[in-house]
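Input: a single structure, listed below in structure tokens.
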């Protein structure tokens, strides 16, 4: 049986009481409803407080827990104790899970047991909550009644908390000291340049900081690091330098403060090296042959410099032509840029107009539905693959109207992940109210009946659609007049249909799933009832 439910479509956690209420309603075979928040989360996930209640209280009691308060299933202290007609006590979540997984029988004596036969054992609950327990946090010696344990843990100085910088767990009483003095990711300033960095990066930074003090390896002078290259090249008196005449063949190297003495002592040898280099250069230059003909016989009749002047003149003309062409191209580029900007404005305006027209067409189409809308979800195989890969799958339908005038609604479909508690591998289906054209003329909150159907697309004469019907509950926020384009609160079924059931018939055809929504407001609810399909009541199973 599907669980009728209003859930938070943003994936936010429900409170402990909401989760328990939903489970209780499910165990009685009824549809539990609550508000839902629309968003992009992948599935409806159980809150952390509910997950803690899957089994009994796993705490150390002082004195030790009596066996009569132990759950026979989880062997822990009874949480939300319930009693069976055969007199056995169980955790509420444990026995419900046992009935659903192992069948309708008592795990102790195998007596027939239905969920609606369970009743709360408030006496045992009070007794257990009054028992003394030890704080589970290491180092804490506090004892308190079980009912106060959660409040104590929220303030216990020995509770573990993650460091916001390095993410390692520490007890709350030691966390501040760790953050300020011990955390390797704590921010510290460089003593030289005042740049802030993580403590674990400080050593590497100090090895490269441009303002850090360093000592010259030759003269032991202390300078900042960015001055050291110039010091080596120009100032250091003991840095090794080559002889000034190294280009002429002197390969001696000495300290800079010894260079002057070296030049003075080796003046003659340096002069010989220079003379030899000049002589070698002179021999490398070939002699100019003498002319044997008169000069006027070897020179053309034109002036010697006329050819050069002509070339220069041609170059000047070419440069002027290129400059003129460059100016014209610059003007053309500016004109084209201006035209492009104007056309871009026109294109953007056309896009806005097209979007407006598309919205109007969609609005007109939505108004023609008259309360019956068939949602075609294409590429459904891709959505199923994403669900198997634990990727979020949340899809919203276009808006549609219940009539003209009428309320504007939309549907939201979740594919619950395989890891989801209690609703793994289910299709969740919800309805949201939307801001519509006629909202100011309609009575609020919305009242009526909604039938949700996944259509069988087989060619059989009798098609077996999967459908559920629900009555609106005006007191819920899901049916109030929306104040934003889509009401964040939704109403529907967390476990509308199992994916395994989806594959057993031709619900998916041509990679398309068809979801039908039929809405009857309070003015035309008789149509559904004439068909003999009565909505489920939250009290029908009690």
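Residue positions begin at 1 at the first shown residue.
Each Cβ is built from the backbone N, Cα and C atoms, and glycine gets one as well.
Among the residue ranges 251-309, 310-368, 369-427, the one that Swiss-Prot annotates as coiled coil is 310-368.
Annotated pair residue 339 (ubiquitin cross-link) and residue 125 (ubiquitin cross-link), C-alpha to C-alpha distance, rounded: 80 Å.
DSSP states for the zinc finger (204-260), grouped as helix (H, G, I), strand (E, B) and coil, give 24 helix, 12 strand, 21 coil.
Neighbour counts of Cβ atoms within 10 Å were compared for the recorded sites 125, 339, and the top value is held by 125. In terms of DSSP secondary structure, the domain 'MATH' (370-519) contains 21 helix, 61 strand, 68 coil. Taking H, G and I as helix, E and B as strand and the rest as coil, DSSP gives the zinc finger (151-203) the counts 21 helix, 12 strand, 20 coil.
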